[in-house]
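For reference, TrEMBL has these:
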SIGNAL    1-31  signal peptide
DOMAIN    27-135  domain 'Ig-like'
COMPBIAS  253-270  compositional bias 'Basic and acidic residues'
REGION    253-290  region 'Disordered'
COMPBIAS  275-290  compositional bias 'Polar residues'
Amino acid sequence: MGTCDSTMGLRNTLIVMALLLSVSTVPFSGAASLKSHAFFNETGELPCHFPNTQNLSLDELVIFWQDQNKLVLYELFKGQEKPNNVNPKYIGRTSFDQDSWTLRLHNVQIKDTGSYQCFIHHRRSQGLVSIHQMSSDLIVLANFSQPEIRLIANQTEKSNIINLTCSSIQGYPEPQRMYVSLNTTNSSSTYDAVMKKSQSNITELYNVSISVSFPIPPETNVTIFCALQLEPTKIILSQPYNIEIIKVEEKESEQTAKRVELQEPERSDEVQCDVNISKTASDNKSATDF
């Protein structure tokens, strides 16, 4: 009798395993996949949306999730978790919410982006019967840092050409464009450059940067922004970089110079004092505050 019971138990186990394997090869049919988003290193949700109109208990069900490579994330067999059937990459990373019939995937990585399926079977006298299945697409994102502008020293002090770099790090997916916007009171200009990018082999996150050079309009206050375009309507702006010009009237400077030249022949102690003061004043022409 013991040998018969053992044989029957092994047979039932083999039937269950065969059913799970056969289900994993059946393509999902029905409604379109539900898309959900999660942020890097946070928690993603893989819904199953089981209506449970018959008010079945977990003891009557076999529930499991698998990824697009048919690897099992989580299995609940008659109310008991079965970690031995879970792929090692998902061990300790999932939790099941019975109230919403949702599996939570913790510490999501970029490589977790993909399609997932949940399957629910009812254990009846004739065996396991599939009563619900659902597919969902998980999209993992990572927020880029706010773009940062760094000024590179000009080649000459008198040059009105400004050189700068703009960078942003640790984001995903790859952005579409990076550019610099130069704004004055009366105009606005955009400067593009080839976006340099690097991707981590471990996290798959991107670092991006550009280097640009452009002329600064004379005697005009300028505000510079760096823009990182992620999507057609989604842009991240840097903090404004302001360049203020302090103006000194050229006519006043010229008049001072003429007065000095006229007074120089009539040298006396008093005149010489006035001349020195005038030269000091005329030498202080203009300044640019970065």
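The backbone N, Cα and C atoms fix where each Cβ goes, glycine too.
Note on the domain 'Ig-like' (27-135): mean pLDDT across this stretch is 93. The domain 'Ig-like' (27-135): residue composition by secondary structure is 12 helix, 53 strand, 44 coil, according to DSSP.
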